[in-house]
Amino acid sequence: MGTELMRICVKEDSDDLPSVPPGFESYATFTLKRVVPATTSDKAKTPAIESVSATEQAKMEVESDEAKAARALRRRPWINHSGCDDDGDCAANNDNAASQNPDQNCDVKPALPKGVVRGCEECKDCQKVTARWHPDEARRPDLEDAPVFYPSEEEFEDTLNYIAKIRPEAEKYGICRIVPPPSWKPPCPLKEKQVWEGSKFTTRVQRVDKLQNRSSMKKISKLPNQMRKKKRKCMKMGMDSVTNGMGDPCSASTGMNELETFGFEPGPGFTLKDFQKYADEFKAQYFKKSETSTDDKCKVDNSIDCWEPALEDVEGEYWRIVDKATEEIEVLYGADLETGVFGSGFPKISSSHNASSSEDKYAKSGWNLNNFPRLPGSLLKYEGSDISGVLVPWLYIGMCFSSFCWHVEDHHLYSLNYMHWGAPKLWYGVGGKDAVKLEEAMRKHLPDLFEEQPDLLHKLVTQLSPSKLKTAGVPVHRCVQHAGEFVLTFPRAYHAGFNSGFNCAEAVNVAPVDWLPHGQIAIELYCQQGRKTSISHDKLLLGAAREVVKADWELNLLRKNTVDNLRWKAFSAKDGILAKTLKARIDMERTRREFLCNSSLALKMHSNFDATNERECCICFFDLHLSAAGCRCSPEKYSCLTHVKELCSCPWVTKYFLFRYDIDELNVLVEAVEGKLSSVYRWARQDLGLALSTDVSGSKMEIDEEGKVHKDPTPQTTALSGKDLQLKVTSKEVSKELEKTSKLSHVNLLLKEKEEQITSSHCMKPVKEETVCDSSDPNVSACQPSEGGIICMTAVKSASGKKNSQSLPNDVILLSDDEYDIPRKRGSVRRDAISSGKKLEIRERPTHVLALEASAKIAAPICQREGDSLRDTRNTISLPTNDQKTMRRDVPSSTSHAEVNAEATGLTQDICNRMATNSHGGGKPTSCKSKNSGGLAIVDVVDGTRSSSGTPSCSQNNSPDRFIRQKGPRIAKVVRRINCNVEPLSYGCVLSGKSWCSRRAIFPKGFRSRVKYINILDPTNMCFYISEILDAGRNSPLFMVYLESNPSEVFVHMSPTRCWEMVRERVNQEITKQHKAGKSDLPPLQPSGSPDGFEMFGYSSPAIVQAIEALDVNRVCTDYWDSRPYSRPQVQFPANPLLREANTSGRSNVGNLQLNPGHHISPTGINSILKVLFKKASMEELSSLQEVLSETNSDMVTELVKEEIQNRR
């Protein structure tokens, strides 16, 4: 019970001391009266005697007037002579003199008689309530009620959706009440006997009369001699407490430190059963009608009239006590009880199977406050730790008059409060738009308290009458919460209230997307006030953005129309709350970086920088999830970008900056959130680790709660997923893997040799670089695709023009992924930076080559190609990039490996492999602009050549005003059947799965065909198109069409029909454009349905269909064969019927590819078929085959193969 001593020490009764030296007080009046010496009875007063009424005290003073004192002859009553006396009597009287003659400049409130006395000699849990309610002086505020909502059963199913629905109506009030449907009655585990009678909780002592009307603590103790008096008094009380077993004397000095602030002291512990008894006794005694009572305080129940005051009476009495109390009213409140320790009032999901279906329903409900913070759509799901009171609910067990003072939620979050049982709880709310008005009104009415504690509203210990707020122009609304009802508070809405009796409520926070702007304001205020944060706002903001990108990816590419994806898709808009908040935050970050970080070292922040513990600025406690500043003098000490100069006194050159993302990457994220599909594609691959192909790394993928995909890489895999997964390879291995068309993407790499050792603190630095791709270079060899770009190899020559002999086989690997939405500026080749071969660096650039735009319900990314002129793999050329900041990382020379961040990109790798074999060169360079064709943006990628002026050679910005207006192009009125002469190039292999076939056709992976159609670049001519089926990942095919003469023109979709429909739309777009330019002899606009996608792929050709059917020997394509129960494959076809030489321009007739028993394949065909088979085999299988062929007769092998074929048939 040492807390009792603390409470006594902080008391202000009879401890009010003047603020000037004794004997020099100035009095308002000069009434002469005799000085009354202290009597023996005065010294022996007990706390019970001190609580007598003011009338009795006046009577005692009149009776004591008869006593004579030697010093009563002094004629100067305005001078306090008691301070000059040396005898013990006058010294003992100093306290009384100080309390009777207060300093006029120190507005210390006079002591009030005790209205509640807790504990006695017989028991410590009883109470004596001497105060009585004053119905004639009630001060019930005249307020409007907050809105009440009654959701239907259907509306009640989706918690956050319903809150979003009522927000426009309720937010202006700051608070509202939600009454669940009558059928929603969750069981309460707290009412179980073992909890009700066995679990104890702690309470807080609240002085209701001091919530509004109290003096500043600084005015109570100003002088040292007065402090000594209070200390002596506390020590004396401490000794008495020790005698009574209540504490120890040293506790008194501890209490002295708390004189500087006002707060709620800890109270005794109770069980729910005992606290209900205590609360009911208080209310019954305070509001009882009759004055009859027994002398035994512990049996006060016998004299209580059993009646319940009206709620209006309780409200009026409460605000009378707060406004103008006549007694000390002390109550207890079980506030902020952690449900993780004491237990929740809602059922939790149990691992046992004994739970009933009804309990399971409530345990999984979105209105269960244990589930509420992390519901789908709440940003708090991205907070990994269980923050008590924010993500873990708190319990509030109240009694009559127990209060919660004016405050807003941490980070201005939403809060939801549910009352499990008990008397009503009265709430008062002020809308977020009026929060500043309330703060100004409270500072005006309580200036001394705010001067002493500027952050007083953060302490939750100050109340102010709603009537006074209303007078000050602050709109306040009342809300009465009953058992079984919810109360919802909105962001930055101030709220306060009290309980009208014994009750139990539970509350927790939530953060829907519309909270983000309020949360941003909150952290800026916290930074100014130097207040600690509870959650990482930037982490939640980026988590929401990633979720939107992931939803866009799954909806557009995987057709996952789930409820969660549709919910997040709704936030994917340029003018949406998420996009605006993210853009504002990035603009703020850009400004700070440009202002501070231009001349300093910038490093890549590790992904686990704040994974285990929150990183905060050591100056203002700003969250450091996105960026931080540090110094070498203190490795574990960081600051925000604003306070980097105050971090330490070291020179500026010793400082460094940590960035989770560079600004270009963040800009990509903004575009992705705004709905730009190219940015969605790039960010999904770059940050989330999502890819359309999973063949490259045969690894398992797991998606965490933030939407990131984590893969478990295999030892042979060189293509990695995720930004932070790194693979070390030697330069020879890099060269070898590139020759094997290794799948490397996502990161721009610039590898150089390094002679000196570089410390880890110099691992990344911002650099600028412009490069140009020169197609006239005879050393142009091959390009590998990166994410939206390509990897090119070229020999780096020294300044003398000779090839650097120290360079490795593929000296420089530059992965450029620049996407240009505007005409690019001319750059210069930075060969001087890499010719010396003295440093090994890694340079990263954001992706800028893929351009995808969502213009249909379902679309897929365009995987582009660059460079029409591709030859043998020998050297590397630089690719054009924007003039932009990039990040450079120096790698220590002690290792012979390059740390390569890479990502699996099976789709782009497959495209690139065919670029080297199918490209004939000579294609016209086109500008890298997105052209909306109705289904997807068609991307023209700038190839190796471009004009020196930087102007695109084929611009799409032709204005209609530049040409004479003509009538529009003709439209074909009849859909004519195109004579499709489809030429199969490769039949591929059949895969099992419903997505790899339909009732109409089988879709073999790797199938390729060739057909002639209108040229999208020159509609007056026809050209050849290559149709191909790729593996899109997630066990589904992806259909791709591209120009054989210009592989940079790519059309990709999940449907063959839609894929060719996009080609038709692009043709019509070009026809319209050239018609406006005045060109004649143009074909008519192609109507919808012409051409047919299945026909253009070759599925109308019986020979091709039969060849594909023959591939499915085991009939794994069940949907296709179920629709053809009497069909069976007639003959086997080779998987690769036609392998053309790269330099062959002739066309082979492949109509008669059917193999008869006597058919002989040419030696070239045999080699090609064997190569295909060998590539499908593993190293172990190839080694075994080599041993068998070297030691066994070939005839035996032939017989075994024939036997196996017969068995499989």
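Glycine residues also receive a Cβ, built from the backbone N, Cα and C atoms like all the rest.
Annotated Fe cation binding site per Swiss-Prot: HIS407, GLU409, HIS495, in sequence order. The feature Zn(2+) 1 binding site is assigned by Swiss-Prot to CYS617, CYS620, CYS640, HIS643, with similarity to another entry given as support. The Zn(2+) 2 binding site annotation in Swiss-Prot covers CYS631, CYS633, CYS648, CYS650. The annotation compositional bias 'Polar residues' is assigned in Swiss-Prot to 875-884. Swiss-Prot lists 146-187 with the feature domain 'JmjN', giving sequence analysis as the kind of evidence. Among the features that Swiss-Prot reports, domain 'JmjC' is placed at 361-527. For 974-1032, the entry in Swiss-Prot reads domain 'FYR N-terminal'. Sequence annotations record features per position, and here Swiss-Prot assigns region 'Disordered' to 872-900. Taken from Swiss-Prot, the feature zinc finger applies to 617-667.
Here the features listed in Swiss-Prot are painted onto the structure.
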{"residue": "HIS407", "record": "Fe cation binding site", "Cβ contacts under 8 Å, 6 or more apart": "LEU457, HIS458, LEU460, TYR494, HIS495, ALA496"}
{"residue": "GLU409", "record": "Fe cation binding site", "Cβ contacts under 8 Å, 6 or more apart": "SER415, THR489, PRO491, ASN509"}
{"residue": "CYS617", "record": "Zn(2+) 1 binding site", "Cβ contacts under 8 Å, 6 or more apart": "CYS527, ASP623, LEU624, TYR638, SER639, CYS640, THR642, HIS643"}
{"residue": "CYS620", "record": "Zn(2+) 1 binding site", "Cβ contacts under 8 Å, 6 or more apart": "TYR526, CYS527, GLN528, GLY530, CYS640, THR642, HIS643"}
{"residue": "CYS631", "record": "Zn(2+) 2 binding site", "Cβ contacts under 8 Å, 6 or more apart": "LYS637, LEU647, CYS648, CYS650, THR654, LYS655, TYR656"}
{"residue": "CYS633", "record": "Zn(2+) 2 binding site", "Cβ contacts under 8 Å, 6 or more apart": "CYS648, CYS650, THR654"}
Subject >> binding-site residues listed as CYS640, CYS648, CYS650, least Cβ neighbours within 10 Å >> reply: CYS650
**OP:** Using DSSP with the three-state reduction, classify CYS620 (Zn(2+) 1 binding site) as helix, strand or coil.
**Re:** coil
Original post:
Cβ under 8 Å to the domain 'JmjN' (146-187), counting only same-chain residues 6 or more beyond its ends: which ones?
Top reply: 346-347, 358-359, 362, 365-368, 372, 375-378, 414, 427-434, 477-481, 484-490, 493-495, 510, 512, 514, 567
**OP:** Compute the mean position of the Cβ atoms of CYS631, CYS633, CYS648, CYS650, which form the recorded Zn(2+) 2 site, and then list in sequence order the other residues of that chain whose Cβ is within 8 Å of it.
**Re:** ARG632, SER634, LEU647, SER649, THR654, LYS655
Subject >> Cβ packing number for HIS643 (Zn(2+) 1 binding site), 10 Å threshold >> reply: 15
Original post:
Across the domain 'JmjC' (361-527), what does the pLDDT come to on average, as a whole number?
Top reply: 91
Original post:
Hey, for the Fe cation site built from HIS407, GLU409, HIS495, who else sits with CB inside 8 A of the CB center?
Top reply: TRP406, VAL408, SER415, THR489, ALA493, TYR494, ALA496
Original post:
Which of the three DSSP-derived classes (helix, strand, coil) applies to HIS407 (Fe cation binding site)?
Top reply: strand
Original post:
With the Zn(2+) 1 site defined by CYS617, CYS620, CYS640, HIS643, which remaining residues of that chain have Cβ atoms positioned within 8 Å of the Cβ centroid?
Top reply: CYS527, CYS618, ILE619, PHE621, PHE622, SER639, LEU641, THR642
Original post:
Within 10 angstroms of the C-beta of HIS495 (Fe cation binding site), what count of other C-beta atoms is obtained when all protein chains are considered?
Top reply: 25
Original post:
Using DSSP, how many residues of the domain 'JmjN' (146-187) fall into helix, strand and coil, respectively?
Top reply: 18 helix, 6 strand, 18 coil
